[in-house]
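Here the structure comes first, spelled out in structure tokens, and everything after it is commentary.
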Amino acid sequence: MTNGVPRRLAQAVVVLWAAFTLSFVILYLLPGDAVLAKLGGGEGGSTVTAADVARERAALGLDDPVVVQYGKRLVAAAQGDFGRSIATGEDATTLVLNALPSTLSITGLGLLFAVVFGGAIAILGTYTRSRLLSQFLASLPPLGNSLPPFWVGLMLIQVFSFDLGLVPALGSDGFSSLVLPAVTLALPTGAIIGQVLAKSLRTQLDEPYVEVVLAKGAGRARVHFGHVLRNAALPALTLVGVLAGNLLAGSVITESVFSRDGIGRVTASAVSAQDIPVVQAVIVLAALFFVVLNLVVDLLYPVLDPRLAGRVTAKAVSGV
Amino acid sequence: MSSLAPPNAVRQELGFYLRRPGLVLSGAVIVFVLLCAVAPELFTSQDPIAGVPAERLQGPSAAHLFGTDETGRDVFARVVHGAALSLRATVLSVLVSLIAGAALGLLAGSRGGWVDSLVMRVVDVLQSVPSILLSLALVTALGFGTTNVAIAVGVANLATFARLMRAEVLRVRTGVFVEAARAAGVRWTGVLARHILPNSLGPVLVLATLSFGTAVLEVSALSFLGYGATPPTPEWGSLVAGGRGFLATAWWMTTFPGLTVAAVVLATNRISRALDGERRLG
Amino acid sequence: MSALLEIRDLVVSYHTRSGVVPAVRGADLAVAPGEIVAVVGESGSGKSTTAHAAIGLLPRGGRVESGSITFAGRDLTGLSDKQWQQVRGSDIALVPQDPTVSLDPVRRVGEQVAEVLLVHRLVPRRAAAAEAVRLLRTAGITEPERRARQYPHELSGGLRQRVLIAIALAGRPRLIIADEPTSALDVTVQREILDHLEGLAAESGTAVLLITHDLGIAADRAARVVVMSQGEVVETGSTREILTAPAHAYTRELLAAAPSLSREPLRARLDAGPDVLLAVNGVSKSFDGRTRVVDDVSFTLTRGRTLALVGESGSGKTTTARMVVGLETPTDGTVTFDGNDITTLGREELRLLRRRFQLVYQNPYASLNPRFTIEEVITEPLRAFGVGSPAERRTRAAELLDQVALPSSMLARKPAELSGGQRQRAAIARALALHPDLLVCDEPVSALDVSVQAQILRLLVRLQEELGLTYLFITHDLAVVREIADHIAVMRDGSVVEHGPADTVLTTPNAQYTKDLLAAIPGAVAPDPIR
């Protein structure tokens, strides 16, 4: 395991590099012109001369050959520099990092809700002896996965802010303004947790070792919480990286619905303005999230699963 | 089972559906929205674009099932007419991920070696960025519009298809019956075409039906954010967005288009679940 | 009535989505204190369901419809969950079928043994660990202190079964239900485990209800035998009665089929003939460049004869077979088939030679493409070599089905619609399609029920005589070998430890390992049955 850590770190760096390259290919090589979008995007439809465009392109370094552009940007990105926002002229990295805390607070709370409710639904649904309750709980995650999150957010505002007046509809201040966005974010994520964990629990309950535990005279609670839950939680753990990414991506919609400041808002307006440096900074940040969380899970896994202890684990970084 | 007499088989088939009212309802929902996409005038005679200002912001009634919006347009008519654009984008995006993903997966799984490694590393990277962000990046580069949104969503989701197709090819490839065919003297191309492909495609097609629901959600999310069709043209996601300003006064403007999306997603998910195994388990 | 366990008129069925499937239809059996009773039957006989009903652990959907299960005078059928929990582990214990999947993979072995003690509050929490170690030692595990701290995956299958025996003994039960306790283990390990279980049961006066498909094991271990078929008990009696004077036709059939109880080959054994068809010369195989899975193996096979390659799991016998048919390339050595060294052939040359040697796999459920019809399965080799028109291939397929004694109506069926034995016949028909000289059979009967096993073996022998086939027969089962082989090569850890004419190897073995294998065949202590 000790010699696995450097290798795992190297893999993580490779994934980050690849994510940067992918975003470069998409954003800088595909057709579409950010400069025109910026110059022409202003109010009044001011006339844009060829000279304006050329000056702007040169200033942004878009005139260099592709390989040179790629090299320059890669070196800069490695130092955390993704260039200046085309729309506002601010440093893209600073823009994104400044927006991070606000987003982290709703994603953090959202993850908590998702784990608690998704986990509870899965555990209760497989533990209860009432078929009706079990079927009802099993039907919740597919339902949660099917509702458009932007619409759910609006419905929550409608009911809890306008009809009941319980929480503020919009804005970024105070804990109470966190609740509805966090619930909106938690819905699809909690649905995935509930679904995966319940499936995993059901598979484990059919394993022959469960029969042996029952044959010892153990009760259902001991079977469920003493044996099955731990075995079932292990595969669910590999989802963490994906889920965190989903939460971050979900913030684009949630923050737009609730008019909150954060990464999502920054992303949405950057996409609208075809503000390439900012979009690229967000993508690489998301990949960084994914890579770091998977690294943690990967290093934690052998500690939790004795079968993998002392062995180089299967390549959990590379995905689910 | 197949040797049973036809009347019996029909009755069995009927019984299968009677025991699953949810599945039948889901089928009806899908048939309905497909008809809306092909022939919207079957369901509404009202104009989705031009409104009647005198009838603005009316609640649901017999004349306006889903109420009217701020310029007096019938929301139901807009939902029905929006089906064509929304569904076309969804189908396009699923086709992009299915065809490109399955081809990549087949290539990786059947060739192996460095081809496999290369394809799978690309897939790894595609999966390390959340699909919404990836499609946003593609939209940034390609520009706005429903077709671009559809392509962006399709590309962002193709990694799952590639991964599943490769896993299936590898699973089937190591199957004993595949080796038995080779040991019997069948050529590799024959083994690939007659044994591996038919046996590995099934789960991938099921995934396609399942990802139809995801694609509806993602396409409508991007259209909600305003990257889809330009304003007067109705599209499900942008209809929900259009009602945002009237949440307090005209709840029907967001509620009904959103419910439509949810109903379509639920219905496709139910059907794909049925395809995934209930038929076989009976 | 002094019975410890008495089952009367037991009816059990499984409630599934597609309807109610009866599993046991009126079973009666009794176990006296300290007695070993074997329940023998093939898959689907209801033997396992009966046993699980007795410990209240029917699989999902299983329900006791009527009848009684009385344990020490108390009817168990109406017990509540709480009451069952008190019975399980302390009155009745279970030794399950497959030790490799029957322990919780993420809990230490010692904890899992101690769990019984804690559940029933037999010892204080602090003393449980030490008691678990003692139990592991009793179950025949060396270094129990170290083993107790290990996880299941660090133990071999045999050791894990000993852990499960320790778990079963922990609550000092009066009855142990052992459900095919050794069928997942190698024969030599099988015998040790059964010896130990038998000894411990005798020592502590524990009764054992032994569920097995192998009449040989029942004959060796049980005082009384209960024969089940299709959910019913067809015959009950002392082991001696059952073996020497079976009353029921099914019991006689089972006795005739049990390879472990037969003493005679299915046809007269042949000497090595003059015409060498296959020569394997100094063949070795290493997958990782270091350990040799097969190490310097040589043998020859002459036309029309059967050579059995015998060994336990990990002996290298299957890898050897795969090298013979060119599915693996040897690291060293040559494989010469009728004068051609197949290890040096090009891809297409090898493919063309394949029509002369074909392979029959162990698992008939996996070796047929589930989407093909039986006709497509059988005609595939013909199509691959461009033999005949479609109509001619169809005729040939019907002819082949006839040879393997399947009706031609099977041609249109899918593999899933056939039983295991029928599928294996179809697989044999496919192998015969191109008139091969050599059939390599890799454990062709070990996935099948004993009566079906006997039919397939007889079929193979008949085909050999009719078509002049040569067989390389891979198996772990010396009892099967005794019925069909002309020559035997015994493999262990990648090497051939003994090689010679079948009668010599079976009656006067040289290698100690061969002796062990022979001694491990169940049924050895049974009285000679009348056949």
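Placed from the backbone N, Cα and C atoms, the Cβ positions cover glycine too.
TrEMBL entries are annotated by machine, without manual review.
Listed in TrEMBL:
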type: TRANSMEM; residues: A:12-30; note: transmembrane segment
type: DOMAIN; residues: A:100-301; note: domain 'ABC transmembrane type-1'
type: TRANSMEM; residues: A:104-127; note: transmembrane segment
type: TRANSMEM; residues: A:147-166; note: transmembrane segment
type: TRANSMEM; residues: A:178-198; note: transmembrane segment
type: TRANSMEM; residues: A:232-258; note: transmembrane segment
type: TRANSMEM; residues: A:278-301; note: transmembrane segment
Check your understanding: Are the transmembrane segment (A:12-30) and the transmembrane segment (A:232-258) close enough that 3 or more Cβ pairs fall under 8 Å, when only pairs 6 or more apart in sequence count?
Key -> no
Point to revise | Chain residues outside the transmembrane segment (A:104-127) and at least six past its termini with a C-beta under 8 angstroms from it | key: 133-134, 137-138, 140-141, 178-179, 181-186, 189-195, 197-198, 201-202, 205, 220, 224, 229, 243-244, 247-248, 250-251, 254-255, 260, 262
Point to revise | For the transmembrane segment (A:147-166), distant same-chain residues with Cβ under 8 A (at least six beyond the ends) | key: 180-181, 183-185, 187-188, 250, 253-254, 256-258
Revision key, fill the gap. Within the same chain, the residues 6 or more beyond the ends of the transmembrane segment (A:12-30) and with Cβ under 8 Å of it are 62, 66, 69-70, 73-74, 77, 276, 279-280, 283-284, 287-288, 290-292, 294-295, 317-318
Check your understanding: Looking only at residues six or more beyond either end of the transmembrane segment (A:178-198), which have a C-beta under 8 A from one in the stretch?
Key -> 105-107, 109-115, 117-119, 121-123, 125-126, 137-138, 140-145, 147, 149, 152-153, 156-157, 160-161, 167, 232-233, 235-236, 239, 243, 246-247, 250-251, 254-255, 257-258, 260
